[in-house]
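Visitor: Have a look at this one before I ask anything.
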Amino acid sequence: MSLENKVKKMGLGHEEGFGAPCLKCKEKCEGFELHYWRKICRNCKCGQEEHDIPSSSEEDRKVGKLLEDTKYTTLIAKLKNDNIPLYKRNVMILTSPVPAKKNITIDTVTYEWAPPVQNQTLAKQYMQMLPKEKQPVAGSEGAQYRKKQLAKQLPAHDQDPSKCHELSPSEVRHMEQFVKKYKREALGVGDVKLPGDVEVRAPDENNLKNGGGRGTSSAVGTMETSPNQKASQYSCYRCKLNMKEGDPAVYAERAGYDKLWHPGCFVCCTCGELLVDMIYFWKNGNLYCGRHYCDSERPRCAGCDELIFSNEYTLAEGQNWHLKHFCCFDCDCVLAGITYITVNDKPVCKSCYMKNHAVICQGCHNAIDPEVQRVSYNNFNWHAKRECFLCSCCSKCLIGQKFISMEGMLFCSVACKEKMMS
């Protein structure tokens with residue numbers, strides 16, 4: 001079976017993705033080609049989110065599936081003859097007249113996502129409170145940021161067994177139970193409201209776990225429900241600064257309506273990134289993105305990026321691995337029982353290390369075996385033996401001796417240096 005067929009069968013990519021350039025390392029990437037289980041490009045080793053692959057429909061399906069069987073079904077729809085739910089992403093288009101010399105032109109700004117509120121002015125205020133580089137204006141840096149965060153924060157393989165690599169029936173069953181549990185107990189979508197318009201409510205844990213209902217009213221915290229209360233009496237749960245009067249806030253129902261956040265403070269407690277499309281996971285008094293909530297609940301394989309649902313897995317280099325995925329990052333050979341070297345936190349077999357990563361000896365110009373001694377100085381390297389680490393003029397061995405270095409050459413004395421330079 002060809003690589004492309006493998007990818008399509010697993011549902012990990014799509015036809016138009018192949019050949020898309022990498023935004024991170026354009027010089028060395030020949031186009032996106034998905035590794036069949038690592039979730040990275042075979043050519044440049046970067047993630048799919050780093051490649052300019054048009055995939056808004058795929059993202060909408062992923063988010064639609066995430067919100068399926070939750071209280072947020074108003075945000076999804078199912079098309080005719082298609083049982084897969086589709087995320088009804090709220091796209092906001094703002095127009096404003098711009099005076100010109102002869103005629104008035106219309107300036108149009110399209111936000112690829114906006115809070116699903118009826119009051120467009122409130123949505124516009126929310127957007128303006130985000131850092132400009134993170135506002136998802138079509139064709140902008142902010143739109144790319146949102147796309148990248150959708151891939152990073154909400155990986156499809158954290159919710160859909162069909163996106164994973166060769167799960168056993170037992171692993172599929174455990175994963176499905178895990179997904180149902182986090183939908184029932186942790187998943188939520190933020191609300192954008194003016195603080196004065198919100199009645200203080202504590203989260204009804206039993207009701208939320210059953211996936212329905214709103215919080216129950218109660219006098220919680222320091223906020224009051226007086227209609228004359230000003231925004232300055234409300235403080236952000238994250239930065240603790242007061243809200244400005246008239247500014248919208250973000251609420252998380254699972255946290256309770258006694259808590260609120262500035263739009264720019266509604267972030268994951270682990271990675272600090274804006275929670276994409278305000279999709280959050282609430283646990284122990286903290287907001288998480290999907291990825292880091294799952295990381296707090298299950299081990300994640302450093303090889304395939306999937307959560308581990310098998311009883312047996314290995315711990316190496318401070319990371320978790322499926323037994324079958326503790327492989328060389330270059331050639332995919334299994335590393336169990338053989339020598340490997342870590343390169344940029346990735347395990348590499350000795351053969352690939354010598355071929356692709358080993359430093360070169362300035363003396364003999366051969367790759368230096370990682371298991372032999374070497375001398376390093378000013379980014380230059382030598383075998384630690386008399387025939388390599390020697391004076392470039394008189395060939396005196398310099399191991400354990402003082403030396404002078406110049407552009408990768410070594411000298412035992414000023415006289416040898418001057419003689420070589422003359």
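Backbone N, Cα and C define each Cβ position, glycine as well.
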Visitor: Any idea which of 97-122, 201-226 is down as region 'Disordered' in TrEMBL?
Guide: 201-226
Visitor: Do any residues, 6 or more residues outside the compositional bias 'Basic and acidic residues' (155-166), come within under 8 Å Cβ-to-Cβ of it, and if so which ones?
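Guide: Contacts with the compositional bias 'Basic and acidic residues' (155-166): 10-12, 36-37, 39, 62, 65-66, 172, 175-176, 179, 290-291, 294, 304-307.
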Visitor: For the region 'Disordered' (134-166), jot down how many residues DSSP puts in helix, in strand and in coil.
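Guide: Across the region 'Disordered' (134-166), the residues distribute as 20 helix, 1 strand, 12 coil.
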